[in-house]
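Listed in Swiss-Prot:
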TRANSMEM  6-26  transmembrane segment
TRANSMEM  65-85  transmembrane segment
TRANSMEM  133-153  transmembrane segment
TRANSMEM  176-196  transmembrane segment
TRANSMEM  249-269  transmembrane segment
TRANSMEM  283-303  transmembrane segment
TRANSMEM  378-398  transmembrane segment
TRANSMEM  415-435  transmembrane segment
TRANSMEM  483-503  transmembrane segment
TRANSMEM  526-546  transmembrane segment
Amino acid sequence: MSPTTAGIAFLASLVAAVVLVHVPLGDYMYRVYTSEKDSRAERLIYRVIGADPRAEQSWGSYARSVLAFSAVSIVFLFGLQLVQGRLPLHLHDPATPMTPALAWNTAVSFVTNTNWQAYAGESTQGHLVQMAGLAVQNFVSAAVGMAVAIALVRGFARRHTGELGNFWVDLVRGNLRILLPLAIVGALLLVAGGAIQNFALHEQVVTTLSGAAQTIPGGPVAGQEAIKELGTNGGGFFNVNSAHPFENPTPWTNWLENFLILLIPFSLPRTFGRMVGSARQGVAIAAIMGAIALASVSLTMLLQLQHHGTVPTAVGAAMEGVEQRFGVADSAVFAGSTTLTSTGAVNSFHDSYTSLGGLMTMFNMQLGEIGPGGVGSGLYGMLILAIITVFVAGLMVGRTPEYLGKKITPREIKLAASYFLATPLIVLTGSAIAMAMPGQRAGMLNTGPHGLSEVLYAFTSTANNNGSAFAGISVNTEWYNTALGLAMVFGRLLPIILVLALAGSLASQGVTPSSVGTLPTHRPQFVGMTVGVTLILVALTFLPILALGPLAEGIH
């Protein structure tokens with residue numbers, strides 16, 4: 001079987017599996033977030049944290065709960081890393097010292113669902129920090145994104161109310177009823193596929209082919225690997241992430257990890273459709289996500305398999321930075337999945353991709369990670385773009401835009417526009433400051449267009465809460481740890497505040513009956529229009545700097 005055929009088969013099987021499970025999982029999540037019953041474990045948690053599960057919150061109260069939970073999580077994880085040398089299961093001789101700047105960057109990274117790593121995981125973080133700190137945040141940060149998405153959906157579904165649900169109930173249910181059961185199943189499948197799960201520190205000594213002895217770190221990898229992909233987190237137990245054979249040993253586990261990445265983001269549109277009372281609306285949102293994803297992944301695969309150049313031509317594809325057990329095509333699919341969502345996990349080295357292949361991974365994030373996007377964040381980002389599309393369509397026909405019976409007034413469009421502009425502002429401002437500082441330019445391992453691409457990728461990844469990297473710059477410095485940490489905080493929390501404000505505004509409205517002039521938002525025309533509006537907006541925003549970076553490199 002040729003690499004191209006194998007890649008197409010890999011992609012087709014993923015699409016088929018996602019299509020098969022997204023309806024039952026979406027329906028299950030609908031029941032989770034609309035149920036009036038609490039389990040015994042949930043009631044115990046509510047008593048411990050002092051939450052009233054029957055008390056509803058306004059958008060402001062919901063937002064304050066998100067901010068408070070995130071702040072406490074950052075402080076806890078920051079402190080846990082700094083004192084890990086006094087805790088059980090710590091590394092006796094870590095390769096990278098845990099400075100306050102690095103601890104801040106890492107704490108913010110995992111709390112914001114980014115999982116940007118300026119360190120090598122297996123030689124820096126002890127097992128207790130990995131389990132009680134990083135893995136826990138992999139669960140709760142994903143649940144926060146899902147909770148915010150559900151709050152926005154309630155804004156569309158409810159009428160004449162200021163209440164969006166209860167953040168603490170949404171957080172607990174998302175973890176106990178959705179993420180934890182799926183992660184357990186995923187971890188067991190990964191262990192069956194060869195991923196490791198132990199408490200070895202640096203005790204595994206093996207003999208290499210040359211006869212030398214090599215010490216290989218172990219750890220509780222499979223448990224963290226499952227939620228890393230399922231929650232679209234992406235932070236690896238090992239420095240090389242899912243390229244490491246202990247994390248992702250075989251083509252089967254590679255397929256499974258890809259499937260876990262896409263599972264919840266593609267199922268949430270079904271949940272959305274059920275909650276607003278029109279399954280067709282969910283199908284339309286899923287179709288938009290799917291169209292963007294298929295186009296991006298196919299183009300990335302083509303650019304990696306057929307790119308010009310002496311070495312790629314000689315070997316038949318761009319094999320640099322690619323694991324032979326996966327191959328170019330499967331790696332390109334994984335790269336597309338991980339950057340179209342907010343995952344950021346990698347099974348190949350994006351910095352070694354062809355210039356235009358690397359451009360695709362960056363452009364996926366600059367789209368706002370909406371095809372299908374992160375767990376929760378992909379759905380609310382897609383709904384924001386649907387609102388903008390409805391507004392543009394309303395301008396063309398001269399009528400007040402409506403979406404799902406809710407009028408898109410100046411307040412709603414201002415919030416939607418602010419959401420769309422927030423992340424590009426962080427990306428472009430951060431990149432400009434980094435390139436303007438001689439000290440930061442000195443940390444670049446490459447110059448010219450590719451050097452600019454590496455800096456742009458770093459801020460694109462952190463501001464969009466992705467976490468993958470081109471890795472050609474030295475980011476474990478006080479400036480980069482601080483600057484990228486701020487990009488992650490503002491890139492996560494500012495959009496969440498705007499989404500919740502929009503949800504509150506929509507929930508306060510009644511429903512306008514459909515008329516002859518109402519734009520149908522469940523038909524193929526709307527799907528195509530939304531894809532077009534998205535591409536145009538992103539191109540207008542990022543084309544100038546992309547022309548100086550990966551496009552210039554590709555043309556050269």
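FYI, residue positions are counted from 1 along the chain as it appears here.
Each residue, glycine too, has its Cβ placed from N, Cα and C.
Note that the structure is a prediction, hence the values are computed from the model and not measured.
Contacts between the transmembrane segment (249-269) and the transmembrane segment (526-546): absent, as fewer than 3 C-beta pairs lie under 8 angstroms at sequence separation of six or more.
The recorded stretches the transmembrane segment (378-398) and the transmembrane segment (133-153) share 3+ CB pairs below 8 A when only pairs 6 or more apart in sequence are counted, and are therefore in contact. For the transmembrane segment (176-196), the residues of the chain that approach it from at least six positions outside its boundaries are 28-29, 32, 39, 41-42, 139, 142-143, 146, 218-219, 221-223, 225-227, 229-231, 245-250, 252-253, 256-257, 260, 263-264, judged by C-beta separation under 8 angstroms.
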